[in-house]
Amino acid sequence: LQTMSGNEDDWLALKPQEPSPSQCCGSGCKPCIYDVYEKELAQWERAKAKQDKSLLMEKKEQSNNSVLNPDTFTAFNISSVEQLTEDTYQYKFELPGNSSLQLSLGQHIVLRGVVNGLEVQRAYTPISPGNAEGYFEVLIKCYEAGLMSQYIKTWKKGDTVFWRGPFGGFPYRPNKCGELLMLASGTGLAPMLPILQSITDDEEDETFVTLVGCFRTFDKIYLKPLLRDLARYWNVRIFYVLSQETSLEKLPWSYQENTYIGRLDEDLMKTIINSCRRKPFILICGSSTFTEDMNRYLKAAGIEENSCFVF
């Protein structure tokens, strides 16, 4: 017969671990990893009170059926790795059969990585259309000192990676906005692309789109061929703002007329807003500094807060 203390140790071993702050991606996911922990803890307390371990059996740590779920992590295999710039990569993940992630526009998914025994979670927005069949693609910038980046840099084709979601998103409806003004810095381009593609794929959707992509140099612009194709649509304009280029003359001539050298500042923001064909609704995605700056310039240009959405 088990002694009570031995039994107590057994229960302690089964108790869910409280997440560390590094495990929360800070993107306001519902449920957050802390919500999942609270739910599991309550389940553990109920089971312990009744001394019935079978009550814990429904706890699913992760699943291998390649169906995305907000509560548990699911395994996905990497089918290709493509380096886009010195620090940015495009990863393609397999989905079984012709299934799709079924994401709404601009929704993000959360990646789990383990670095030196520390679990880290970060949110990324797939750049593939939400209804893409058999695969999804994610654009990721790796930072020298980033914990998650150290993990991502080890990825190779065939590796298995764990995601959960989807979360967030921009509730887009065709023709609801006269014009969308998309302000994206670097990989902030990611949530804009599925929205832009859904507009160009829908002949009934006559929303104008002005996308402003902010990058350091011409070489750092991601996905140029895709952006070039999108800019050919009658209702799409794409501008580039390059903070570290010195002159337009160095750029291919096809980029010279829609590229600005320097930073996206208050004056340039006013120029772009004034060039919009209809009253714009603004989407912003970038670092927190970028977002703060954009909000300030938009306010100065007389744009109300309810006309903006931040990813």
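The backbone N, Cα and C atoms fix where each Cβ goes, glycine too.
So that you can see what the record holds, here are the features copied from TrEMBL:
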{"type": "BINDING", "residues": "ARG122, TYR124, LEU139, LYS141, MET148, SER149", "note": "FAD binding site"}
{"type": "DOMAIN", "residues": "71-173", "note": "domain 'FAD-binding FR-type'"}
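Report note: the FAD site is defined by ARG122, TYR124, LEU139, LYS141, MET148, SER149, and the residues of the same chain whose CB lies within 8 Å of the CB centroid of those residues, excluding them, are LEU111, VAL138, ILE140, CYS142, GLY146, ILE152, THR187. When the binding-site residues LEU139, MET148 are compared by the number of other CB atoms within 10 angstroms of each CB, MET148 has the fewest. Note on the domain 'FAD-binding FR-type' (71-173): DSSP counts are 6 helix, 51 strand, 46 coil.
The domain 'FAD-binding FR-type' (71-173) scores a mean pLDDT of 88 in the predicted structure.
Sequence-distant contacts of TYR124 (FAD binding site), defined as residues of its own chain at least six apart whose C-beta falls under 8 angstroms from its C-beta, comprise HIS108, ILE109, VAL110, LEU111, VAL138, LEU139, ILE140, ALA190.
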